[in-house]
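Taken from TrEMBL, the feature domain 'Major facilitator superfamily (MFS) profile' covers 1-327. What TrEMBL lists as transmembrane segment is 24-44, 56-76, 88-106, 118-143, 163-183, 190-210, 222-245, 266-285, 305-323.
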Amino acid sequence: MGGLAAAAGPTFGGLLVDWLNWRALFFINVPFCVFTLIVGNRILHESKDPNASKSVDMIGTALGFPGVALVTLAITQSSEWGWGDDRTMIALALGLVLLALFVQRCRTVSNPLLDLSLFKLPFVVASNISGLFFSVGFLGMWLLNTQWIQAIWEYSPTRSGLATAPGPIMAAVLAAPMGRLAVKWGHARVLLLGSVLLSFGTFMLTITMTPTPNYLGDYLPWMIITGAGVGCSISTLSSSANAFLPPSRFAMGSALNTTARQIGSALGAALAASLAAPAMVNFAMSQKTGTELTEGMLSSFYNAWRFMAAVYLFAGIIMIVLFRKPTEEQMAAANEVEFVD
């Protein structure tokens, strides 16, 4: 379902931007959220941890939420403000301090918002580190692709969404069977396969893409290959976070993995914007002066794609190296409730 949503998202998003304006992208979430709440309430079965506290750690919430928000703000705005800007440094520093206090809070209360004992399990560590780096590459690649075909190739938002759709469609087709294969063949192996496909497809964009539009020859083949890589990776990453957890810990494991991937997404978008910024400046100058745009003027764009290709590969290597089924001793240690005075 996630792959299908990714396929439909760019297309419907492009239509909304063309027909209405970019603000409509925020309102479109409302009916889908309402639908999800209604249907989910009827068909989803809740699992509970019998040992979990019935109260929520509000102090931990007050530390963790703004901490993540401030770090994300610093990352996403760094391309506009600059890393040396006071606003970036203050937001980053405050965010890190709040997150440090949040971790300390989770170590000392009986009902922590984040169960730190999960980090004693190697597969949890591997899936979260890999998920973070995968999201850096994923958001970075898609942002770069969209900027290129809309700015350099001058595609409309609708045409851009349609041009991008084959990749997510391929991901939607492969996501379910790859998820089943991960259970039989191993999560790390399937994710490595996805990472290699994503890395290869992204790197090939640096070889084939030119200022002259050639969708069928230069762009579409690599969208299909990267889409296959996403199909191997998305469901595998989601299931790997809870691969060996008891049902009572699924919610915590899933929430931890989602948070890691959201932070990675913010970092990927910021890095892509920063790395491609010189090329976009050159593009704007060529438009203003009427000079011909050359591949050399877009070198920072190619470097950004190379960087994302390397990040994808690193995500797969992390899983191969670190992902392991936990021993009975590790599971026992993770299930122990330990608090520091």
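Just so you know, glycine gets a Cβ as well, placed from its N, Cα and C.
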> Where does the mean pLDDT land for the domain 'Major facilitator superfamily (MFS) profile' (1-327)?
Replying inline: 84
>> Can you work out whether the transmembrane segment (222-245) touches the transmembrane segment (118-143), with the criterion being 3+ CB pairs under 8 Å where the paired residues are 6 or more apart along the chain?
In response: yes
> Which sequence positions outside the transmembrane segment (118-143), separated from its termini by at least 6 residues, show Cβ-Cβ distances below 8 Å to it?
Replying inline: 164, 187-188, 191, 195, 198, 202, 226, 230, 233, 237, 240-241, 243-245, 249, 252-253, 256-257, 260-269, 271-273, 304-305, 307-309, 311-312, 314-316, 318-319, 321-326, 330-331, 333-334
> Which residues of the same chain, at least 6 past either end of the transmembrane segment (56-76), have a Cβ under 8 Å from a Cβ in it?
Replying inline: 88-89, 91-92, 94-99, 101-102, 105-106, 109, 111-114, 259, 262-263, 266-267, 269-270
>> Ranking 88-106, 266-285, 305-323 by the number of C-beta pairs under 8 Å to the transmembrane segment (190-210), which range is first?
In response: 305-323
